[in-house]
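Taken from TrEMBL, the feature domain 'Pyrroline-5-carboxylate reductase catalytic N-terminal' applies to 21-107. Look at TrEMBL and you will find 194-314 tagged as domain 'Ferric oxidoreductase'. Under the heading transmembrane segment, TrEMBL lists 213-233, 268-294, 306-327, 339-362.
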Amino acid sequence: MDKMCTDALPLTMSSPEKQETICIFGTGDFGRSLGLKMLQSGYSVVFGSRNPRMSSLMTSGAEVLSYSEAAQRSDIIILAIHREHYDFLRELTEVLNGKILVDVSNNVKINQYPESNAEYLARLMPGAHVVKAFNTISAWALQSGALDASRQVFVCGNDSRAKQRVMDVVRNLGLTPLDQGSLLAAKEIENYPLQLFPMWSWLDHWMLCRKQLGLIALGFAFLHVLYTLVIPMRYYVRWRSRNITVIQVMTKKENPFSTSSAWLSDSYISLGILGFFLFVLLGITSLPSVSNMVTWREFRFVQSKLGYLTLILCTAHTLVYGGKRFLSPSVLRWCLPSAYILALIIPCTVLVVKFILILPCIDKTLMRIRQGWERNTDFSKSAVNGKSDI
């Protein structure tokens, strides 16, 4: 199930009183969601961007400056950028000395690097106080509120005062900070969002939430299943079956058994059952009580991977149901296609586009863009020091 875009969210603040200023490096989905949450909690937010003039953020609620200018406005700087782009911080060493750097980054794989991102950042910036936090909270969770996702935020750092200030910020956001000790625990914290079903003990509690199903899409699926089950009880169906039998007896003719029709019938019923099962699974994982018990990677696995598998099964269910009748003249009456042909347009389009996007040549480029890569690197370097050619 997919989760909400932050492009249309205005970063405005309704409270007239402002607390301390928080600086956020990075204007991606997570950075904007975290900034919006802080604005709503009463903080003054300053964004540091490599392209401040090209940012889509509304400056009425938050300022967007270059990295060096933004760093001078706050003692707490949240790095909402990936580890691969930490090198530009070397040019800001003097500005960041004595500052609290909050690392929120995660890796693509478990134990991807010998040291954690927070430890690497601490080694890169020895004059700053590095604290690991917010990496277990997703942008979607920040937007949807604490009731729709886990409230726990794991915090670790070597400086106790810096760590305490970050934990105070976490509390003011309505979240629950959990002190994990020094930066040695950062690697374990970074692995939390990447764990995929490490234990199955939550499955029993997960299944207890099935009575809370109330999603509209799943409700229509239930109606479809129920209607399919009651079809044999309809008067017209029973009359038609008896009428065919009577005609066969009177004409002394019988319809030969069709193996292909039997295979098609059993196949589309089996595909429908499997698709409905996975559909129910998707609905259960959408419940807030269930999403609290799974990691973000597990949630994405169910909603994304199993979601596409459900779409494929349901699409195949409709394709097999049509069988050889898609181009039959009896179906295309008044030059209009049947309902199940029209229903296949959108899912088939989605599957074709998804197949194109997962091609290695395209998927690799998209992954690099999501991690902050851009073609015009010269402009990005000049934006670090507040210089821009635009």
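Each residue, glycine too, has its Cβ placed from N, Cα and C.
The structure displayed is predicted, hence computed values, not measured ones.
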For the transmembrane segment (339-362), distant same-chain residues with Cβ under 8 A (at least six beyond the ends): 308, 311-312, 314-315, 318-319, 321-322, 326
Residues of the domain 'Pyrroline-5-carboxylate reductase catalytic N-terminal' (21-107) by DSSP state, where helix covers H, G and I: 34 helix, 21 strand, 32 coil
For the domain 'Ferric oxidoreductase' (194-314), the number of residues DSSP places in helix, strand and coil: 97 helix, 0 strand, 24 coil
